[in-house]
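Asker: Below are the structure tokens for one structure; questions will follow.
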């Protein structure tokens, strides 16, 4: 019996061993988690790993960097305030508490807008904890922008602004400088990103949303880490080390705290994930994101779950072939990655390598190299024809308002900065102006906020977009106020230090009086406004220094329409501000309102340039002609050609003459001419002759410079689809239809300055017109000196304005088709810094060939006999393509009642009206190399006009420029703004648009930058105005170009890397100290030469020289009659301006966004239920019908049979009753 039991035990034990072995081998059973690993097993594993490491090298062991983070959108499904109060404040408080309790824990934070708000809510104890966490390198800031910006629809100016706002706050508040970036949610990536970020001192970048097929390829060839070159012209200067996330920025599945896995399953799944991940990388340095959207709202729970499996892996690193695994900052990861690449010359440069070939040699040994990528990552696709190209255009009105508000912010920054500089010797004025600084910074924060990748893209819930629209309105009103007060402090001569220098500048002032139009030097010492509108010739530049009274009840205001009704005894000062660093001669337009049918008054309107007392030509066009539409009744457009000094101001008087015989020879009132067809007229100016089809759209253009005649087919179209959404443009199952093909009315206006053809569609009542198209060409009446020698910049394009509503389930385009143009499917789009090459792929549908456009799209002829370029400039971000040779297609509006289920979970129902303009140019390629960027900058930096009704005002400057001369033609003054402590920030951009008669190097040593503003501490900085740092590692990497990479276009159009940089010479007039980037300088006259490469943006900071010995003391007895009156301006503007503002001069309707309340859950159509219902319902219905027919048939047959039977019975009965008797 005992032997029998023993045998059974042996059998059971043997079977158990076999089963256990089977589980280990075939089911990957984790026996160590059941029994643990004893010392013998650990020694055995250690021995095995030592053998493996000896064979493969210790570098084969994995270094795992766990990156805790929370992706906090600045608006998406909730608005900014909602996210902060409901989630973000708890995330930050919880994370800080957890990090403070455990020094091993780390956290990475991106969105400084949220963090700064949270910081302001904390007490000093909590703030000190944060400082300690930063010092302990537990809390890290990555990217450091105010938000995480979009890369397709945000302009480079706005991207730089939002990054600068974050970087400046971090430096000022926490003395923190960001070194690595985390762009993990934008829907595709622009090549401008590595250029901009590297110029800010950022050394490495993490990206995520790369198209599925591209990312799969990158994994297969181990190119998830690569060097990204943003610009061919800048070379290594624009390069950055990039690491791509494996799948997404969320937790890997098995370690997600929200997933219900046991510890064993977590470890087993995660280690398998690590093994798979390592096969896609050249390095054994692995980065694992621990987070997702708005994670760590319960930081204690999230950290406790991860702490458990991290500890288990740390205790058994040898077994899992892990060198280290830990919570980490992004800085730690990149430092380890860089070290791994450079260690043992793995990716280091050798003496004999060629960095642009695929193979490198060092003697007989092959040296590996990192992939060098020189394109962008557009469009973004998630497969199944899901191309994220719709958001390039989604919410076109919002995109325009953001760009428009950004320009207003730029004007506000410039004028405030100059007002500070001009009043630097008056403490009272400085104190008054500085009360505006907080407003100014808050307005910048608003511009920064709307660059978020779900705001400027239009891909948030509608109520969220409405919240941002309201923020933009508020910032505009605030900027109106800042500009208004800055103008007072700039132009009121007794209010700045100009008068203190008058005696030293009489000679210059007299020269200016003798040559008003040609000399921009010393414009601050010009004449003052007088009550008669004439100019004083006083050498001191003041008509009456003892009577400098200012009517503060009438500030400089932004006006929608200047009301000239019953104002014959008054005149207006129109002050135009030029935000460009070049002198501007161009057409401008503004609205006026007069009494009904008062042609005599209209013909008596005069516009006089104040500085020269010279009446200039104007042309007046009515906005409506024959209706009773009250909203625009008696509204007119006034056109004029004005001259503006670089970065400066010029004043014009708008008045009505008193005399009955006051008809002005310089005022042309255009009478409307109703046409039956659009081809009854042509347009002509110095540059072009334009002919039209019968429907009023462009048909032919003649370039008078080259005598080239081209047939241009201009058309509107609409795609109909039910598969698109806020993000996705999907033409599958849809059709392309003609749109705006037959206008109901043609109205033609002509004159000396403008030819205009207006087409109206859907006209029942003029007020209810559905769509408007306005064709316009600008003409030069030779009022500007030297205008005969060169066309005005506004003459270089044909302008097409349109006003259309969003049609449901329609995506509207405008197309330009150049006949007989061979461009070999190649076209170019502007990314804000430079043009990028695109190739239309005919194997893909049109939506897969759309690309983002910030400034323009263009075609170039590739045939040998032609060298023409065709460019369409845009006024906002759009999507565009070239679907056939010679054709440019631009999407201008889209709306749908379906969602694409990419997270918004609500349809993008944008039925609102969008008023916009496009600008068509044709020219020689060489001419456009010089002009295209300048034209684009002029279009997006239109002069800003402010109005003052003046009566008994004296002592005002009439013309002003802070620059002694305009900047070289290829140097764009991108930014001038005041930072903290009155430090001034300056950015200069070499757009490489050089004069055809000059070389690429521009030398401006004959001038200084600023006219009389004395500056000190001139320092070159990074792009966000922090200390200039160079990435010393980037030029140590060996690189190669993978010609098999699946993205085949997106590279720079031109490379100017071998051309010399432009030279800008700064002088400090021999009075102050100018210090270069290395903090060298002398206290005497210093000349500073700045070299700016083509396509490079350089940044500087400096201080205005506050002359303390001349500062007026601030005391209570001083009567400050120039005190800022912010309340008045705000009240005026809020009530009469911003709420009833027109987008363009031709607009019939005020701006009216169509936002709606889409909070909560959207009831998604149940397509499966519909299919099942139809699948079951249709056969069932047919069956019921068949049954009914059969039953009916049988009933009828039975009834017929019964009737026949009854008839037979009756007949028999009758026969039986028949009398046969004779």
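For all residues, glycine too, the Cβ spot is worked out from N, Cα and C.
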Asker: Pick from 172, 185, 563: which one does Swiss-Prot list with 71, 73, 453 for the same Zn(2+) site?
Answerer: 185
Asker: If you check Swiss-Prot for N-linked glycosylation site, which of 768, 1206 comes up?
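Answerer: When Swiss-Prot is consulted, N-linked glycosylation site appears for 768.
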Asker: Given the binding-site residues 71, 453, which one is most crowded in terms of C-beta atoms within 10 angstroms?
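Answerer: That would be 453, with the highest Cβ count within 10 Å.
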Asker: Cβ within 8 Å of the Zn(2+) site centroid (71, 73, 185, 453 excluded): which residues?
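Answerer: Counting only non-site residues, the set is 72, 76, 148, 184, 186, 293, 452, 454.
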Asker: Whole-number Å only: compute the distance from the Cα of residue 768 (N-linked glycosylation site) to the Cα of residue 71 (Zn(2+) binding site).
Answerer: 45
Asker: Given the glycosylation sites 175, 613, 665, find the one whose Cα is closest in space to the Cα of residue 453 (Zn(2+) binding site).
Answerer: 175
Asker: Could you tell me which of these recorded positions, 73, 185, has the fewest other Cβ atoms within 10 Å of its Cβ?
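Answerer: Result for the recorded positions 73, 185: minimum number of other Cβ atoms within 10 Å at 185.
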Asker: With every protein chain in view, how many other Cβ atoms are within 10 Å of the Cβ of residue 613 (N-linked glycosylation site)?
Answerer: 17
Asker: Round to a whole number and give the Cα-to-Cα distance in Å for the pair residue 981 (N-linked glycosylation site) and residue 71 (Zn(2+) binding site).
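Answerer: Residue 71 (Zn(2+) binding site) has its Cα 33 Å from the Cα of residue 981 (N-linked glycosylation site).
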Asker: Among 73, 175, 613, 665, these being the recorded positions, pick the one whose CA is nearest to that of residue 185 (active site, nucleophile).
Answerer: 73
Asker: Reported as an integer number of Å, what is the Cα distance between residue 71 (Zn(2+) binding site) and residue 175 (N-linked glycosylation site)?
Answerer: 23
Asker: If you measure residue 73 (Zn(2+) binding site) to residue 175 (N-linked glycosylation site) at Cα, how many Å is it?
Answerer: 25
Asker: Do you know the mean pLDDT across the topological domain 'Cytoplasmic' (1192-1222)?
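Answerer: Reported value for the topological domain 'Cytoplasmic' (1192-1222) is a mean pLDDT of 58.
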Asker: Give the number of CB atoms, excluding that of residue 665 (N-linked glycosylation site) itself, located within 10 Å of its CB.
Answerer: 7
